[in-house]
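First up is the structure itself, then whatever we jot down about it.
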Amino acid sequence: MRRLIFILPLLLFTTCKKQPTQPTGLVTENAMVVTARAEASKIGSDIMEKGGNAFDAMVATELALAVAYPYAGNLGGGGFMVYRKNNGEVGGIDYREKAPLSAHKDMYLDSLGNVISKMSTVGATAVGVPGTVAGVIAVHEKFGSLPLSDLIEPVIALARKGVIVTEKQLQRITHYKESFVEVNGDSTKFAQPFSVGDTIKYPKLAQTLTQILEKGRDGFYKGEVAEKLSSFIQEKGGFVTMADLEKYEAKWRDPIVFDYKELKMISMSPPSSGGVTINQIFKMMEPHDIGSFGHNSSKSIQLFTEAARRAYADRNYFLGDPDFVDIPFDVLLDDTYLEERMADFSFEKASLSSAIGHGEVEILESSETTHYSIVDDAGNAISATTTLNGGYGSKLYSEDLGFFLNNEMDDFSAKPGVPNMFGLIGAEANSIAPEKRMLSSMTPTIVEKEGKLYMVVGTPGGSTIITAVAQTILNVYEFNQSMQEAVNSPRFHHQWLPDHINFEPEGFSKELKDELKSKGYNIDEKRNPVIGKVDAIRVLENGKLEGGADRRGDDTAVGF
Ligand code: GLY
C-alpha cells in the first residue's frame with residue numbers, strides 16, 4: 001500500500017505526460033499559415049487553396065508582409081528560411097543582407113577608434129545590401145509550382161487596396177514618428193497623422209512589385225528599381241551601389257540538424273547563430289528531465305539559463321559568416337564539449353558570466369523582425385524569419401519605391417567588445433568585410449517527432465529569438481502545452497551578458513524571483529520586456545494542424 005502511495009503520483013504524471021494535449025489555437029484539416037498580420041496569412045493560405053505548395057505560399061506571404069507589416073516585413077531587408085519536404089528532405093536558404101563592396105572593418109569608428117553613434121543604426125549609412133527579393137525568387141525557381149504572377153498579383157492587389165491601421169500598428173508608428181521625420185523629412189508617408197481604422201495604400205510599392213512580377217530578380221537588382229534604389233541610398237550618404245545590388249545572391253545552406261530526446265530539430269545555420277545556439281542549449285539541457293521540474297519553475301529556469309549563458313558566450317565569440325570565418329562546428333556541437341561546458345553547473349548556485357567571459361552592457365529588447373510558419377496539404381513545411389533589423393529598419397523610406405531600408409549593418413560587431421543595439425557583444429568572427437553577411441539570431445526551426453513533422457516555429461526578438469524559440473518547443477514537448485498555449489506562455493531570457501535574467505511582465509511570481517535571487521541570479525527588475533512574438537504550427541496526432549499565433553501582436557493563423 002505504502003509503495004502504491006509512492007508510485008501513484010509518478011504513474012499519474014507519466015500517464016498525463018502521454019495524453020495528447022488538446023489544441024486551443026485554430027485547427028485546420030489541410031494547410032495553414034501563421035504570420036504577424038491576417039492579410040498576409042490569408043494570401044499565403046489562399047495560394048495553397050488554389051493548388052500552390054508551401055514554397056509558393058512562402059513567396060506570396062513574404063512579399064505580403066512587406067505590404068501588411070512594414071515594421072519588419074520587407075523588400076529592403078533579408079531573412080532565412082528552413083524547409084522540410086513531406087519526404088523528409090530538409091534544407092535552408094540564406095537571403096541575409098550583406099555588407100557593400102566598399103565596406104571595411106572600421107567604417108563605423110571615428111579617428112579615435114570609437115563607435116560613431118547611430119551611424120550603423122539610423123539612416124542610409126546603416127543599410128546593408130537587401131536579400132529578400134533574391135531569396136523568394138530563388139525559392140520559386142527551385143520549388144515553386146505556380147507561375148510567379150499567381151503569387152505576386154494578390155500582393156499587388158493588397159498594396160493597391162491598402163491595409164487597415166490596427167491599435168498596435170498605430171502605437172509603433174507613433175513611437176517612431178520622430179525618427180521617420182529625422183531621416184526622411186516631415187512630408188514622409190509614415191509621418192502622416194494616422195488613426196486606428198485608417199487604410200494605408202501603397203501604390204508605389206505596387207509598382208515595385210510589378211517590376212518583380214515582370215522581370216523576377218532583375219526587376220529589383222537591375223534596371224529601373226536598382227538605379228532608383230542605389231541612387232537614393234547614396235544621395236542620403238549610404239554605401240549600397242548598383243554593383244552591390246547586381247552581385248547579390250541568396251545562398252542555399254544546409255541547416256543545423258540535431259536530436260533532442262525523441263525529437264529531431266532542423267534550424268538555420270550561420271550566418272544565423274540560431275541553429276548552433278539552440279542546438280547547444282538543448283544538448284546542454286538534455287541530460288536533465290526538465291519536463292519533471294515544472295513549467296517556468298525555478299529549477300527549469302535555472303537549467304535553461306545556465307545552458308543559454310554558456311551557449312551565448314560561444315555564439316558571440318565563434319560565430320560569423322561561414323564564407324569568411326572558420327567556425328569550429330565539430331567542437332561546438334560535440335556532446336563531450338557540451339557536457340564539459342555544463343560540468344560546473346549546480347542547482348545550488350548561479351554560475352557567473354564573468355567566469356565565462358567579461359563585459360558590462362545594457363540590453364535593449366526589441367520585438368522587431370517577423371516570423372511566419374507554413375504547412376501545406378501535402379505536409380511540406382516552411383519556417384521563415386525576415387527582418388529589417390530595427391523596427392522599420394534604418395527608418396530610411398524610399399517614397400518612390402514604397403518601402404523601408406534595413407539597418408542590418410548594426411548586426412556586425414562595429415568594434416569587437418562593444419555591444420550592438422541588442423546588447424550583444426561581438427568578436428572578430430563577426431567583424432565587417434566587403435560582401436560579408438552579418439551574424440543573425442534568427443532561428444526558423446522545424447521539429448520532427450519520431451520521423452514525422454511535429455512543429456514549425458520561429459519568432460522575432462533580436463537576441464531573445466533563440467531563447468523564445470527554445471522555450472516554445474519545450475512548452476509543447478516537455479510541458480504538454482497546446483501550440484497556442486506554448487506561444488502565449490510567459491517567457492524569460494538570459495544571453496550571457498549582461499549577466500541577468502529578463503522576465504516578461506506577467507507569469508513570474510515574487511517568490512520565484514526571490515528564490516532565484518537567493519541562489520545568486522541577477523534579475524533585471526527595471527525592465528520586463530515583451531520577449532518574442534512566436535508564430536507556430538503543431539501537427540496533431542490526427543494529422544490536423546494547430547496554429548499558435550502570438551497574443552502579443554496582431555498575429556493570426558489562417559488555413560483550411
Ligand atoms: N536583426 C536581427 C537578427 O538578425 O537577429
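Here the Cβ of each residue, glycine as well, is placed from N, Cα and C on the backbone.
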Site-mate of Arg96, Thr387, Leu388, Asn389, Asp411, Ser440, Ser441 for L-glutamate in TrEMBL, selected among Gly52, Gly123, Gly458, Gly462: Gly462
Spatial separation of Thr369 (active site, nucleophile) from Arg96 (L-glutamate binding site) - C-alpha basis, Å: 12
Number of Cβ atoms other than its own within 10 Å, given for Arg96 (L-glutamate binding site): 32
Recorded positions near ligand 1 among Arg96, Thr369, Leu388, Gly462 (Cβ under 6 Å): Thr369, Gly462
Rounded Cα separation (Å) that holds between Asp411 (L-glutamate binding site) and Thr369 (active site, nucleophile): 13
Neighbour tally for Ser441 (L-glutamate binding site), based on other Cβ positions within 10 Å of its Cβ: 30
